[in-house]
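Undergrad: Below is one structure. I have some questions about it.
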């Protein structure tokens, strides 16, 4: 490997971040269940409650993400990526065999296991990427979280649009892509994604900020490109092939950043070689001043007084997992996160049936809209929250509170079932879901530290299977089947009409109101933490560099 691109070099660190982007761009397969759920329901002859239980099994895989969190403190990034790619290949590979009817449908409990395995695969990939990049770029946690989580949001649209363009939304082909592509990308990332040293000084910190702005711009262009493809209707074969080629080019574009970094390094080395050597003889006036001998310290160490007594860390310092779960702030963050992502998971898992209930034949557009606007929520919240924190010390949890307000509005709009309400609702839910994931990732690291971040992140992610079970498996599943039994037009376990999910949307809107109150409370409780972060950054050497 070229020394300038070794993982320990600055250029190699950026190449590792690019591969992290690619891994995140294929980590949204858990949000694509609506694209093939109807095929599973038909082939396995399932009721809606049974189908929703399958989606919960998929999300329960994230609960075992605690294993990847523990492993992140013991094993290398390469091993964690390898485990994730292997699990995904098996989990989604078996689902492909069933949907493509190459094998007979497996017993229900076995399908639950393989969906759980596929769901768990992404926790290994996400943990490897987030833990490594947050430690490599600790001074830019907002942009790092926003960019990486943004590509997770885009990944659903990437998979959906490529399958639509090349395979006409065939669910069998879609599952084959989910099985093979993530494994290939993870194997390609293994040589480059490693933990390295963070920025050594203000010059490197300014360079990081400049490069992150470039990554943000590339991601926004990619999202706009996907959105344009979705809203322009049906496309011919040639246009679809051109679209796929253009998308692959946009996903490869971040490579220009490490290449540019290599060119800067080569230019810097060339300039150093051309400098005039200093003369061997220097006058007294030119000789460097002798360093002053530091005066001896006269303060008495307080460590002697507290010898043998372990002090409980305050919010903002590194916490062990036990210390973290003993704080009120953790449980406020955990429950508010449940209100946001739990209800969001319900919508994503049931978009297929929600669209059919309102008379839409093709629901892939709603899956893509949720994904793309979720990206905008992630990328904008990560970037802007960082800027407001730097300039005004604005607590990040306020962004979560604002997202709960918009999410409540989205559920009310979908409950009304007016023309176009599912379009508006899926956009609002996508934006707010993206904000919650990005902001909560950064908030957790700022309140409880990075030392045990891998395990901390996966404890918070327990909200995804828990929320999916409560809101999708229980709430939406039972209420949908109850309405389908009464519906004369539904026919068995199919419900048609706005009444199918009316009560579900209202209950989820109430949950978001509760989440809003919790987020405001957390913002008030952590105001001093963010004031300290603001003060430290304001008077740091990097902030004074022109």
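Glycine too: its Cβ is placed from the backbone N, Cα and C atoms.
Below are the features listed in TrEMBL for this protein:
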type	residues	note
DOMAIN	13-259	domain 'Nodulin-like'
DOMAIN	317-531	domain 'NFD4 C-terminal'
TRANSMEM	75-96	transmembrane segment
TRANSMEM	108-134	transmembrane segment
TRANSMEM	146-167	transmembrane segment
TRANSMEM	173-193	transmembrane segment
TRANSMEM	214-232	transmembrane segment
TRANSMEM	238-260	transmembrane segment
TRANSMEM	330-351	transmembrane segment
TRANSMEM	357-376	transmembrane segment
TRANSMEM	397-417	transmembrane segment
TRANSMEM	423-443	transmembrane segment
TRANSMEM	455-480	transmembrane segment
TRANSMEM	500-524	transmembrane segment
Undergrad: Could you tell me whether the transmembrane segment (146-167) and the transmembrane segment (357-376) are in contact, taking contact to mean 3+ Cβ pairs under 8 Å with a sequence separation of 6 or more?
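TA: Yes; at least 3 Cβ pairs under 8 Å.
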Undergrad: Take the transmembrane segment (214-232) and find every residue of the same chain, 6 or more past its ends, with a Cβ under 8 Å from one of its Cβ atoms.
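TA: The answer is 17, 21, 143, 146-147, 150-151, 154, 157-158, 161, 165, 243, 246-247, 250-251, 253-254, 257, 365, 368-369, 372, 375-376, 379, 383.
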Undergrad: Any contact between the transmembrane segment (108-134) and the transmembrane segment (330-351), i.e. 3 or more CB pairs below 8 Å with pairs at least 6 residues apart?
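TA: With fewer than 3 qualifying Cβ pairs, these stretches do not touch.
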Undergrad: So if I exclude everything within five residues of the ends of the transmembrane segment (146-167), which remaining residues of that chain have a CB under 8 angstroms from its CBs? That is, six or more out.
TA: 20-21, 24-29, 31-32, 35, 126, 129-130, 133, 173-174, 177-178, 212, 215-216, 219, 222-223, 226, 229-230, 235, 240-241, 243-244, 247, 251, 364, 367-368, 370-372, 374-383, 386, 430, 434, 437-438, 441
Undergrad: Which of 75-96, 173-193, 238-260, 423-443, 500-524 shares the most C-beta pairs under 8 angstroms with the transmembrane segment (330-351)?
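TA: The stretch I would name here is 500-524.
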Undergrad: Name the range, of those listed as 75-96, 238-260, 397-417, that has the largest tally of Cβ pairs under 8 Å with the transmembrane segment (173-193).
TA: 75-96
